[in-house]
Structure formats: C-alpha cells, structure tokens
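Database features, via TrEMBL:
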- 12-31: transmembrane segment (TRANSMEM)
- 64-508: domain 'Amidase' (DOMAIN)
- Lys129: active site, charge relay system (ACT_SITE)
- Ser204: active site, charge relay system (ACT_SITE)
- Ser228: active site, acyl-ester intermediate (ACT_SITE)
Amino acid sequence: MNHLLHLGLQLLAYVYFNAVHVAFTVLNYLYPRHIVPRPTNRILFLSATKLAEKIRNGELKCAEVISAYITRIEEVNPIINAMVYPNFDNARKEAEAVDRYLSGLEKNSDEYENLAKTKPILGVPFTLKDIIKVKGMNCSMGVPARANYIADEDAAYVKQLKDAGGIVLGLTNVPELAMWMETNNHLHGLTNNPYDSRRTPGGSSGGEGALIAAAGSVIGIGSDIGGSIRMPSFFSGIFGFKNTQFLIDRKGHEPEGFASGGLRNEMFVVGPMCRYIEDIPLMMKIGNPEKCEKMKLDEPVDLSKVRLYFMEGIDSLVMEPLHCDILAKLREAIRYLETDCQMTSFKVDFSEMKSGFGFWVTDLEAPECPSFATLATDFHGDANFLAEFGKCLIGRSDHTMAVIIGGLIEQYSIHSDDRKKELRRIHEKMRTELHALLEKNAVLLFPGFSYPAPYHHQALWTGCNIAYTSIFNSMGLPSFAVPTGLNKNGLPTGVQIVGAPNNDALLLAVGKKLDKAFGGWTAPGLSVC
Ligand SMILES: *[C@@H]1O[C@H](CO)[C@@H](O)[C@H](O)[C@H]1NC(C)=O
C-alpha cells in the first residue's frame, strides 16, 4: 500500500513539473528572446588580475578601462536591467586620479615596486549588490520603503576593495529584501538573463550575475545564505565562490541584524563573483590576507591524491528531476578529472537531501532577528502579508509574491514542532557524515542546479529546487559554482565543487581544472537557434 502511494505521488509530481514546464514554454513562445550583443572591446576580455597589471605598467590607462565598461553597461542595461545605481561620474573622476598618480610615480621607486602588493587592483572597476553599503550611495535592498536611504559608510569588504585600489562602478539589482531566487522588486523592476531576456538570472545576486556575464563588469561582490552567489553564477555562466564561513567580513551588509542570530549567522557568506577564475584568489586575499596565506590559496594541489565524490542530483517528490544537460555536464566533468588529473571517483547518495528545503526553512528561523514583515516596511510597522497576498493577486501590492509567501512561511511555520525536531535530527546526522567524508582530502562534485535558467516567475512554482544550493548552507560547507559551457539552447550550465571548511584552496584547484576543460565563461551574443 505504501509502495502504491509512493508510485502515485511520483506520478503526480511528474505530471505537475511537466505541466509547469509546458505552460511556461508555451506562454513565453509569444515573447521575443533578446540576447545581449557580443562584446567587442578587447578590454572587456581581460581579467581583473590582467587589468591591474596593464594599468600598473602603463599599457592601459585607467580612464580607458572605466570608459569601456561604462559604454558596455549603457549598451546592455536596457536589455537586462541589472545596474540600478550607477556611479559613473565618480568612477571617471577616480580613474583620472589613478592615471595622474601613476604618471607622476617614479618607475624605480619602492612605492612603484610594491604597488602590486599594496594596491593589487589599482584602477580596476567592480560592482556589488544593492544591499551592501557604499558610502554616499543608495542601498535600497529592492524595498520601496527604502528608496531614499543613503549609506553613511562603506561595508567592510567594500572598504578593503577600495583600499586595494578598486573603483565602484555601481550597484546591481536584487530581489525585494534579497530574499528569493528571482531578481524582481517594485522599485527597480525585473532583471533579465543576458542569454535570454525571457528568463531570470536567478537571485539574490541576480543583477550582479547578469551584469558580469554580459561583460558589463569584471568582478563583483555577492552574498549567499541559500544559493544567492552560486545560483545566479550558474544561470549566467560565471564563477561564484561561497567560501568558508567568516573568511570575509560581512559588516555593512544590510539589513542590519538579519544574520545576527540562530543558524543564519553560520549560513551567511559574502564572496566574489567573476568571469575569470584567477580573480577569485585575488579577491579573497584582499578580504582576508592572513587566513588565505595560511590556506595556501594559490599553491598547486596534487589532485591524484584527492578523492572525488559525486552525486547525481536530489531524488525528491517536491523537486524537479535533474535536467539531462546538467547531468551530462556533471559526468563530463568527472570523466575529465579522472583522465586528466588521475582522480578516483566514488558515487554517493545522501537520500536525506530530499528534505533539503525543510532543513533550510527551519535553519532560517531566528525569532531574535527582525522579521520579514518588519524589514519589508523598513521598520515602519509590520507588513500584513495576508492582506498583501490578496493585493498582490490583483497587482496592487508594493511587495513581490516571493516576499509575501516567504513572510507567511516565517509567520505561520510550515512544519509542526515534532517535524522540526525530526528534521534537525536528520540534518545533524547528515552534517556529521558529510563533514567526515570531505575532511579527508576529498571534494564532492554536485550539479550546479536542477535546471538551466527558468523563465520569469516560473521559479515560484518550483520553489523547493532551491535545495540544490541551500543544502550546502545548511551543511556549513564551502561551495564553488563553476560554469561548464552553454547547452544546445544557448543557456549556461555548471557544477558545484563542495569541500570541507577551510579547504578553499582545494576547491579552487579543482575549479582551475574544470576551467581548462570547459573554457570558463562563454561570452553571450553568438547566434543560437
Ligand atoms: C536615492 O536616494 C536619494 C536621496 O534620498 C533619492 O532622492 C533618490 O530618489 C534615490 N534613488 C532611487 C532610484 O530610489
């Protein structure tokens, strides 16, 4: 009987996910697919590492670099709506100051000799999410009630990047409160995927992912409590590094107090997103030089001694089955690591992951932190999400459906206390096993997500898919999103490389191999059918 019931539910899940898929495909057939034009300026194809080198040695003027990026943003932003607060005038002024400073600097002085150390990204532009503070700029978090907020200081990591010579180009769009995987809010609107404007670039660092992939930025800051760095990186085909907890200082990431309690504190990471893998150690070292030195972030690793575990997706009634293109890329990556790096692979199957969404929802509970209802009004009373739900259905709410549903889940809790206890027990058991497995010089290769970028609003119907990334926040493990090229529809694919805490160097070493195998970021704008 139990078996029959399970079969019935499986059939129901199959029908449901296919119906959602068909419905959105048919609806979107009516809309044109826009792809951002292929970048042509050579400057846009240089990593931050190379840009810094060329600016230092005088091969490139900083003003040229900034101007190339501003021109590119002006070209792509009408299509993707990724940048919401440009900082162009200030960036141009700062660039002129950098050029003046460099032309006045004696080439055989100690100051010049040490420049690569003291100011490793001198003159390099960067972008960041509109939820991280930059002194004197807006920081709206996609919340209409925050439209007039101006930050009075730089966030810790922003200050470090500025001190290292970086120049803020502007802030990029986030979902309302950065709380969902669809970058949409009623202040700045919907952000589009650069490879197909009918699709989402994911979230919550969705504006960041879209702009970087569109070659409108070279490096950026994202943050991740459930996949917010990795999912947009996957949907737009760039690198996103959810590093080991507490490596990068999160001070100045709004909303204040959001991750001050409960497990949130341990799940929430700020980290780099970029098009060129060599920029990840560069950005990490600026964020935490001492720890990165200790972790030997840049040194080669003998991968033949590293165990390669892999898992072919999550088998769950509430999640979409793994897309065949993503599975094929995962297998291709494993084959490459076995043949080229003499790694030995072992298939694992943590069936507990089918409760991944449940883990995450319970992990996020933190009564001591301000509630979504309070944050959604920017501390001007509590939003009434039941009323907002009705208003949203007729297009009259200031809030997005994602925040309303999220707020209702927080308020009413979808699990009984007994179920929560059970979830915590399985969670702890799995966490112990997974840590033990990975602590012995091993990595876990995992699909980047269950599906390539979905159409706008589709994710709301397949919300539990988020467990593909949130599971590694729940488990407290660093995870590296690495692109594996476009599929036959011209959409990005990717894998996650997961490791034990403080094994960031190992994740980077495996990532470098996969970068070689798959070619890293693929510029958008090649014609596809
Ligand atoms: C940014 O903040 C300023 C100052 O409060 C405000 O006038 C402006 O409208 C804000 N910009 C947007 C796009 O919300």
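Glycine is treated like the rest: Cβ placed from N, Cα and C.
Unlike curated records, TrEMBL annotations are generated automatically.
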Exercise. Relative to the Cβ position of Lys129 (active site, charge relay system), how many further Cβ atoms are located within 10 Å?
Worked result: 32
For this session: Ten-angstrom check, please: count other Cβ atoms within 10 Å of the Cβ of Ser228 (active site, acyl-ester intermediate), all chains counted.
Result: 35
Exercise. What is the Cβ neighbour count of Ser204 (active site, charge relay system) at a 10 Å cut-off, with all protein chains included?
Worked result: 32
Exercise. Could you tell me the C-alpha distance between Ser204 (active site, charge relay system) and Ser228 (active site, acyl-ester intermediate) in angstrom, no decimals?
Worked result: 5
Exercise. How many Å lie between the Cα of Lys129 (active site, charge relay system) and the Cα of Ser228 (active site, acyl-ester intermediate)?
Worked result: 11
Problem set entry | DSSP three-state assignment for Lys129 (active site, charge relay system) | strand
For this session: Could you tell me the mean pLDDT over the domain 'Amidase' (64-508), as a whole number?
Result: 96
